[in-house]
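Visitor: Got a structure for you, written out below as C-alpha cells; questions coming shortly.
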Amino acid sequence: MPLSNAQLAQTIDHTLLAPDASDAQIRELCRQAAEHRFYSVCVNSANVPLAARELADTGVLVCAVVGFPLGAGLSAAKAFEATVAIAAGAGEIDMVINIGALKSGRADDVKADIDAVHRACGAVPLKVILETGLLTDDEKVRVCEMCRDLGVAFVKTSTGFGHGGATLADVALMRRTVGPVLGVKASGGVRDRAAALAMIEAGATRLGTSSGVAIVTDQDGSASAY
C-alpha cells in the first residue's frame, strides 16, 4: 500500500546542519516541520534550545548531532555533548563513530565510544552515523553488529558532509545486518519523493534530509544541500 503524505512526513528528520545556519533559518525549519508534521528537526547542538522553544507543544521532536561531522572527538566529549543537548531539549541524538579507530582496527574502541554516548542518552534514542562513503562493506557490517549488540535505536548512513551519501545498497546491507529491531536512517542526497520511497523500500525507516517539504509536496528538492 502506498504511503500517504502524513505517513511519509513521519519518516523525515527535517535537517539544517550548515555551520552558518541563522536563527531565522532555524525558526523557518521548525515552522515547516510543524506545518508538515515531520518527525523531527535535526540541528547542531547549539541550535537545540531555539528549536525546542519553537517546537514546544507541536509534537515535533528536536534531534541533535554529536561529534559531528568528523566523529573524531573524545568519547567523554561526545557523551557530554549528548547530555547537555538532551538537557536543552533534544529528544533524539545522532552521533558519528570514530572512523579513524575503525580504520586502525580498534573495534573495541569504536564500540566503547558508541556505548559511552548510548549510556549518556539514557532513554533518549541514539542513532549511530557510520559515514558509509568512507567504509568497506565489512566495516559497515561490523559497526551495525556493534550497534545491534548495544541496543541503540538506529544506524544511520551518512553525515551529508563526507564522501558520498546514502545509497540503496548501503541501506539494504544495513537492514540485513541489524534485522527488524533497529531503525535504519538514510541521510545524504535524499532530495525528492522517488528517492525517499526507494530508500524506504530498501529498508530505511527514517530519512535525514533538508528536502522534506519537496518530498511531501512531490517537488524537486535538488537545490537543497543535504
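One is the number of the first residue shown, and numbering goes on along the chain from there.
In case you wondered, yes, glycine gets a Cβ from its N, Cα and C as well.
OK, Swiss-Prot features for this one:
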type	residues	note
ACT_SITE	Asp94	active site, proton donor/acceptor
ACT_SITE	Lys156	active site, schiff-base intermediate with acetaldehyde
ACT_SITE	Lys185	active site, proton donor/acceptor
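Locate each feature and note its surroundings.
Guide: Taking a C-beta cut-off of under 8 Å and a sequence gap of six or more, Asp94 (active site, proton donor/acceptor) has these contacts in its own chain: Cys42, Cys63, Ala64, Val65, Val66, Phe68, Leu126, Lys127, Val128, Ile129, Lys156, Lys185, Gly208. Secondary structure from DSSP puts Asp94 (active site, proton donor/acceptor) in a beta strand.
In the three-state DSSP assignment, the secondary structure recorded for Lys156 (active site, schiff-base intermediate with acetaldehyde) is strand.
Here the Cβ of Lys185 (active site, proton donor/acceptor) has 28 other Cβ atoms within 10 Å, regardless of which shown protein chain they belong to.
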Visitor: I'd like the Cβ neighbour count for Lys156 (active site, schiff-base intermediate with acetaldehyde), meaning other Cβ atoms within 10 Å of its Cβ, all protein chains included.
Guide: 30
